[in-house]
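Worksheet: the structure to be examined is printed underneath.
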Amino acid sequence: METRTLEDWRALLEAEKTLDSGVYNKHDLLIVRGQGARVWDAEGNEYIDCVGGYGVANLGHGNPEVVEAVKRQAETLMAMPQTLPTPMRGEFYRTLTAILPPELNRVFPVNSGTEANEAALKFARAHTGRKKFVAAMRGFSGRTMGSLSVTWEPKYREPFLPLVEPVEFIPYNDVEALKRAVDEETAAVILEPVQGEGGVRPATPEFLRAAREITQEKGALLILDEIQTGMGRTGKRFAFEHFGIVPDILTLAKALGGGVPLGAAVMREEVARSMPKGGHGTTFGGNPLAMAAGVAAIRYLERTRLWERAAELGPWFMEKLRAIPSPKIREVRGMGLMVGLELKEKAAPYIARLEKEHRVLALQAGPTVIRFLPPLVIEKEDLERVVEAVRAVLA
């Protein structure tokens with residue numbers, strides 16, 4: 001195994017910063033390994049990871065079953081287009097659909113969340129023959145041109161106008177606005193069961209149930225974006241289970257591959273059949289390597305029932321955060337281990353202090369919200385340390 005000196009690591013950090021496109025604001029540290037809910041930088045500092053790869057690491061960093069599955073598959077076959085069937089693709093389809101409602105029985109595999117949403121939008125237009133989409137204010141579906149079109153945040157959208165049209169944005173959790181927006185021209189309504197980038201805002205049961213009823217009445221499709229909420233994050237396998245509904249298309253990614261890039265649009269058979277042959281495609285989507293990772297990730301999730309851990313630890317964690325006696329806190333909200341701490345001021349300085357002073361990694365969800373997306377394998381003692389770190393920086 002190659003051994004690197006600290007000088008080597010620093011040179012690589014400098015290379016990333018200087019040769020990168022510059023789109024991202026880089027932290028001043030180099031993460032070199034991870035295990036479970038911990039990561040380590042090049043200088044040996046240990047961090048509690050509540051970023052979790054933006055929700056990728058539900059099963060923990062370096063999950064041994066995913067690692068072993070990837071090793072085995074890499075030795076056998078890594079790439080093969082979807083026109084040529086492979087055993088692992090069939091295994092993934094069978095494994096994924098087995099944990100979903102029977103209505104969701106057709107899979108279009110991709111590499112990422114934004115690709116899953118792009119596919120969903122195209123399938124919706126193909127199925128309905130309509131053009132219009134309805135999305136929510138503060139909603140986030142991705143940054144490629146189609147998914148960006150149903151992402152609300154103006155700073156993401158405005159530099160790239162014109163986008164896919166027409167799209168109508170409504171206030172999240174506003175049933176009356178939803179009724180007014182969905183009409184006979186609407187192809188689909190696309191919603192997150194919990195808005196992530198928009199501030200960790202859960203949907204009300206009334207809103208999502210109304211979305212299901214209204215789309216059915218108007219002949220439109222309901223797309224649920226569970227890129228971040230899927231794979232146990234909210235205390236159920238999938239967040240839609242909290243609401244007693246089934247969408248027409250479910251989009252998944254992030255934790256689906258256990259750390260390997262993998263996404264999917266899962267849909268009803270009649271929706272899948274509406275897309276003409278060759279109407280959509282992907283070179284790497286459904287590759288055997290990602291399929292093997294996905295199978296291992298789902299099987300690990302099912303055996304360990306990690307969603308039950310999220311259902312137990314999430315409310316406890318939120319109550320501990322609510323008990324912090326700080327006038328800077330406006331609200332604590334979330335679902336399972338998808339938690340947002342909203343402040344009355346900018347969140348960025350406090351996130352930086354959590355990292356530098358307490359070795360806790362967290363992320364923003366809008367200007368004033370600290371978002372926590374720890375691996376679902378995190379120990380309660382680590383969450384207690386996170387609470388104490390938050391208490392210290394907000395003192």
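The count begins at 1 with the first shown residue.
Using N, Cα and C of the backbone, Cβ positions are placed for all residues, glycine too.
On its own chain, GLN228 (pyridoxal 5'-phosphate binding site) has TYR54, GLY55, GLY113, GLU192, VAL194, GLY196, LYS254, MET338, LEU373 as residues at least 6 apart in sequence with a Cβ closer than 8 Å to its own Cβ. In the three-state DSSP assignment, the secondary structure recorded for GLN228 (pyridoxal 5'-phosphate binding site) is coil. Feature annotation from Swiss-Prot assigns pyridoxal 5'-phosphate binding site to GLY113, THR114, PHE140, ASP225, GLU226, ILE227, GLN228, THR283.
Residues or ranges marked as substrate binding site by Swiss-Prot on the basis of sequence analysis: ARG143, THR282. THR282 (substrate binding site) falls within neither a helix nor a strand when secondary structure is assigned with DSSP, and so counts as coil.
Taken from Swiss-Prot, the feature N6-(pyridoxal phosphate)lysine applies to LYS254, supported by experimental evidence. In the three-state DSSP scheme, LYS254 (N6-(pyridoxal phosphate)lysine) is classed as helix.
Listed binding-site residues: THR114, THR282, THR283; maximum Cβ neighbour count within 10 Å falls on THR114.
Within the same chain, residues at least 6 positions away in sequence whose Cβ sits under 8 Å from that of ILE227 (pyridoxal 5'-phosphate binding site) are GLY55, GLY113, ALA116, ASN117, SER141, THR251, LEU252, ALA253, LYS254, GLY263.
Largest Cα-to-Cα span within the pyridoxal 5'-phosphate-binding set GLY113, THR114, PHE140, ASP225, GLU226, ILE227, GLN228, THR283: 25 Å. If you count neighbouring Cβ atoms within 10 Å for each of the binding-site residues ASP225, GLU226, the highest count belongs to ASP225.
Listed in sequence order, the binding-site residues from THR114, ASP225, GLU226, THR283 having a Cα within 10 Å of the Cα of ARG143 (substrate binding site) are THR114. Distance between Cα atoms for THR114 (pyridoxal 5'-phosphate binding site) and THR282 (substrate binding site): 13 Å, as a whole number. In this structure, the recorded positions ARG143, LYS254 were compared by how many other Cβ atoms lie within 10 Å of their Cβ, and the smallest count belongs to ARG143.
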